[in-house]
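Visitor: Below you will find the structure I want to go over with you.
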Amino acid sequence: MIFCFPRTLSNSLETALTLVSLYHWPCIRVSPTKVPSVSRKWGLALAALACVIRPTSAIIWVYIGLLELFGTHDRLRLIFLEVAPIGAVVLGLTCLLDRLVYGLWVLVPLNFLKFNFLSSGGDYYGTHKWHWYFTQGFPVMLFSFLPFSVAGIVWSKQWKLSGLIAWVLGIYSLLGHKEFRFVLPVLPIALMFSGYALAKTKTPDSQDTEKKGSLNTHSRHPFKRLSILFLLATNIPMALYMSLVHQRGTEDVMIYLSEEARNDKVKSILFLMPCHATPYYSTLHRNIPMRFLDCSPSEEKGIPDESDRFMMDPISFVSEFTKSWSIPSHIVLFGSEERLLRDFLASHSFKEIRRFFHSHFKVDREVQASVVVYVWTGH
């Protein structure tokens, strides 16, 4: 949560909208009849907005919609007077906005679904086994909260919410390309179950202690205290390390280049590293030509993109690439590739000016320990 939510990921906004929307759906409440009728309309509007931002959010709302449909007595009103008009308004506004931006009529959610579901375009960026979310992905996200979440699901017997978690993990498991952030919207739900388990945790003798009217509250729930200390001791160091230390080099290098650009020392930048490895213009904030290796999916399967060709054979790729390049003032690359290209860069009048720490661990079979900046010294 600490790693994802400060970042401008559409999944983070989707998660926030999902949680707020779930609050308004009567089928999720313990007493659905006590929920005001207008509450469901708010839930629908927020759900529609979440689907506009991330069309795959529909996976969540199909489940919730079916629960509501089978649990309500006014099904026709739900479909024709709530779902249809609210969905039409949100979709219409989305199409108008896309028309304004793209200059033509385009249904972006449909293109999104075609690429990710119908054509399996996401598989281009890597695939995992079907069981990855259940055996690795989601357990890693829950980390030390996992046993408490399982206990909370069993003790609370809130099968609708736990069923939503299973539904989302199951549907996303059908896709080849998997990422942690795809199932981020159900992580807070699992954490709520953890909170429930902690709240219900008592020692075997706690009830006897309470019956005796003991005022010694320190001895009532030692297991609960130890559990909370355990969660803090495991999650706080991990959160700090993953957010402040691990793979920080690509951010540090852009901050450095931004400062150099402010002093008119940067004319253009070439990134010889996997595509989208840095924050790019969102950190540089200068109108300076920059180029990173392309990783757009090819219409013909099996043809590697620039990023893949570079990682497979950096020397051959750069030798061919430099035949038609416009010499940049700065080149940025990872230390693992810099070792292979050091002589090549020197022969083209580039020299190292800065090196930033990046990671202690292997990424894609290489320890990308550092990010290196080279500057052109020719005339």
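Cβ atoms here come from the backbone N, Cα and C positions, even for glycine.
Note: TrEMBL annotation is automatic and uncurated.
Here's the feature list from TrEMBL:
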type: TRANSMEM; residues: 42-64; note: transmembrane segment
type: TRANSMEM; residues: 76-94; note: transmembrane segment
type: TRANSMEM; residues: 100-118; note: transmembrane segment
type: TRANSMEM; residues: 130-153; note: transmembrane segment
type: TRANSMEM; residues: 159-175; note: transmembrane segment
type: TRANSMEM; residues: 182-199; note: transmembrane segment
type: TRANSMEM; residues: 226-245; note: transmembrane segment
Visitor: Under 8 Å between C-beta atoms and at least six residues away from its ends: which parts of the chain pack against the transmembrane segment (159-175)?
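Guide: Those are 27-28, 59-60, 63-64, 67, 116-117, 120, 122, 130-134, 138, 153, 182-183, 185-186, 189-190, 192-193, in sequence order.
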Visitor: May I ask for the residues of the chain that lie six or more residues beyond the transmembrane segment (100-118) and have a Cβ under 8 Å from a Cβ within it?
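Guide: Same-chain residues near the transmembrane segment (100-118) but 6 or more away: 51-52, 55-56, 91, 94, 175, 177.
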Visitor: Going through 42-64, 130-153, 226-245 one by one, which has the most CB pairs that fall under 8 Å from the transmembrane segment (182-199)?
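Guide: Against the transmembrane segment (182-199), the leading stretch is 130-153.
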Visitor: Would the transmembrane segment (130-153) and the transmembrane segment (226-245) count as touching if the test is at least 3 Cβ pairs under 8 Å, pairs 6 or more apart?
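Guide: When sequence-distant Cβ pairs are counted, the transmembrane segment (226-245) touches the transmembrane segment (130-153), since at least 3 lie under 8 Å.
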